[in-house]
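For reference, TrEMBL has these:
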- A:ASN10, A:GLU37, A:ASP157, A:ASN159, A:ASP260, A:HIS261: Mg(2+) binding site (BINDING)
- A:TYR111: active site (ACT_SITE)
- A:ASN159: site 'Transition state stabilizer' (SITE)
- A:ASP231: site 'Important for catalytic activity' (SITE)
- A:HIS261: site 'Interaction with DNA substrate' (SITE)
- A:HIS261: active site, proton acceptor (ACT_SITE)
Amino acid sequence: MKHFSIATWNINSVRLRLPLVLSLLEDQAPDILCLQETKCPNDLFPTKELKKRGYEHIEIHGQKGYHGVAIISKLPLESVSSIDFCEMGDTRHISAIARAGERAIRVHNFYVPAGGDEPNREINPKFAHKLDFLEEMKALHAEAEQDSGVSSILVGDLNIAPLETDVWSHKQLLKVVSHTPIETDGLNEVQARGAWVDLMRQHIPAEEKIFTWWSYRARDWDVSDRGRRLDHIWSSADLSPALSNVTVMREARGWERPSDHVPVFARFNF
DNA sequence: ATGGTAGTCGAACTA
């Protein structure tokens, strides 16, 4: 039996929260950690500190000030690439193939545009960008490299909460960006067309509420609990039978100077 | 219905 684990976390500045990242890696020791919103140019990424702790394989795609994604891995990474969705030059995607025992797995790490406040593509260019980004994601197939023996995992901040139980109030969020029908339908279509399995919902029944994000603006996030499930872990169908556990690390939202997103873990027994 | 907070980078932008 071979174990494999992967985590995803929108860190909202990797430099500001490097101590939290290091303690997470020490305590949980995932094979791979995918970060979003690193907000860090490539030449300033804290590569040395991560390598020192056994994460020797690091692939980053960052820019100054905004966005930015990174794959931090104990396992060797190869065939690294980024897709420039919507050809905006944004650093919102990176992927690489990891070798986990006998298996080869392409890991896609996404930071989907948030989409602004107004859920109307005619008046809000950010919402139009989000919908266009989703449209391009539909071309991404979980079995794209199956013929060469490569499975797929897709993780990241997808900025959409697809199910009614992925938000604190379905009714009150139907017109709020992240849970509008055009977005949830779009994400469902990305999943269906690409033959992706939602591993969080494979492990945690759809009747049960799950949140991975709580706004900084809520005065008491834990008590009011107005969260959303914006972060996701998907895989190709061949990996889903090997899933052993999914954990949403809710307590991370209560840490000192927290990210507004918490880490999500998927663990496999191959 | 509005405004509430956080981060980057040093005003205004994004979330």
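Just so you know, glycine gets a Cβ as well, placed from its N, Cα and C.
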Inter-residue Cα distance where the pair is A:ASP231 (site 'Important for catalytic activity') and A:HIS261 (Mg(2+) binding site), in Å:
8
Specify all same-chain residues, apart from the site residues A:ASN10, A:GLU37, A:ASP157, A:ASN159, A:ASP260, A:HIS261, whose Cβ lies within 8 angstroms of the center of the Cβ atoms of the Mg(2+) site, ordered by sequence.
A:ASN12, A:GLN36, A:TYR111, A:TRP213, A:LEU230, A:ASP231, A:SER259
Work through the recorded positions one by one (A:GLU37, A:ASP231) and point out the residue whose CB has the fewest other CB atoms within 10 angstroms.
A:GLU37
Could you give the Cα-Cα distance between A:ASP260 (Mg(2+) binding site) and A:ASP231 (site 'Important for catalytic activity'), in whole Å?
11
Tell me which of the binding-site residues A:ASP157, A:ASP260 sits in the most Cβ-dense spot, judged by other Cβ atoms within 10 Å.
A:ASP157
